[in-house]
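According to TrEMBL, the protein has these features:
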{"type": "ACT_SITE", "residues": "166", "note": "active site, proton donor"}
{"type": "ACT_SITE", "residues": "272", "note": "active site, proton acceptor"}
{"type": "BINDING", "residues": "195, 221, 249", "note": "Mg(2+) binding site"}
{"type": "DOMAIN", "residues": "145-242", "note": "domain 'Mandelate racemase/muconate lactonizing enzyme C-terminal'"}
Ligand SMILES: O=C(O)CCC(=O)C1=CC=C[C@@H](O)[C@@H]1C(=O)O
Ligand SMILES: [Mg+2]
């Protein structure tokens, strides 16, 4: 809900489709992401005679298996376009059930509000202190052992101190070999995470944990299918004396935070604002997760610059956030506009200009 005490709104919502090719397809156990399609949203608060218009941007990038379909997303945005004339809450209600569409509308509203208050988005949504940088992980696809070790070495050379390796497309033994090659290549000081995207059985995951413990893997993300809450709880217990934490990603969408906490199925939760329905929703979930002593990790869904920068602001608004999956712009061969976020020494430098800090996307 948008605060009704805020000044009068006179909103006009526009949207248009985009399609972005990936420079390097991202190979995962769940399939290969080769391009991203979606809708760019522009929300204008049309001023009266006395002032100038304020603009906010949002992005809806539906991803099969994670959000509504592109057609449902577009239909929801068409409803929001009509409803926006009645106000911000009406616009949000029109996209309530479609997470990617809601993400776009909520982000455009927040960008507009923060721009109007001349505040960077993360401070507008979080009301917290100034944050200069948020730590990020490198994202490394499920390639051969040589490719994986090469990509990790390259990432570490560029300053990343945390690498998340996709896994689960081959045998556990082969994945262990990949991780071993990476560990040998990057040394002991780099944090390694592995994301299996639901690929393993309980026995396979147990075997992986035993081997990963010896390789000092810090996080194992979604080893079992999303439905396997008890299975993850058992894995977590088995891994308790090892360096390996269990994170859920697909499981968060399937079960929600409460069920995961009740069953003690995870140490960390991956929060994708595009799949959760917006950075406002993800922020509430993050606060709830931290209250329950779990770790929130923010990641993109390999989005364009608008959603990606929104995720950077979201992470900057979360106290003590660990390395997040935000360095995904490099996967894209093209983008919606200029990237305002510099990646430097394993951190995203948070834009400090008003709003999102993304400019020129509508004109591009
Ligand atoms: O977390 C990261 O490092 C980047 C984002 C990422 O890995 C993903 C984005 C979109 C779909 C998924 O295959 C994948 C994930 O499961 O976390
Ligand atoms: Mg994941």
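Glycine is no exception: its Cβ is also placed from the backbone N, Cα and C atoms.
Model, not experiment: these values are computed from the prediction.
Features recorded in TrEMBL, as mapped to the structure shown.
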| residue | record | CB count, 10 Å |
| --- | --- | --- |
| 166 | active site, proton donor | 24 |
| 195 | Mg(2+) binding site | 27 |
| 221 | Mg(2+) binding site | 28 |
| 249 | Mg(2+) binding site | 24 |
| 272 | active site, proton acceptor | 25 |
Could you round the CA separation between residue 249 (Mg(2+) binding site) and residue 272 (active site, proton acceptor) to a whole angstrom and send it over?
8
Sequence-ordered recorded positions from 166, 249, 272 with Cβ under 6 Å of an atom of ligand 1:
249
Helix, strand and coil counts within the domain 'Mandelate racemase/muconate lactonizing enzyme C-terminal' (145-242) (DSSP):
51 helix, 15 strand, 32 coil
Do you know which of the recorded positions 166, 195, 221, 249, 272 end up with C-beta under 6 Å from ligand 2?
195, 221, 249
With residue 166 (active site, proton donor) as the reference Cα, tell me which of the recorded positions 195, 221, 272 is the closest one.
195
Give the helix, strand or coil assignment DSSP yields for residue 249 (Mg(2+) binding site).
coil
Given the model, what does the mean pLDDT over the domain 'Mandelate racemase/muconate lactonizing enzyme C-terminal' (145-242) come out as?
98
What is the separation, in Å, between the Cα atoms of residue 221 (Mg(2+) binding site) and residue 272 (active site, proton acceptor)?
13
Do me a favour and check the Cα-Cα span between the residue listed as 'active site, proton acceptor' and residue 195 (Mg(2+) binding site); whole Å is fine.
14
To test your reading of the Mg(2+) site: which residues beyond 195, 221, 249, same chain only, put their Cβ within 8 Å of the Cβ centroid of those residues?
164, 193, 196, 197, 219, 220, 222, 247, 248, 250, 270
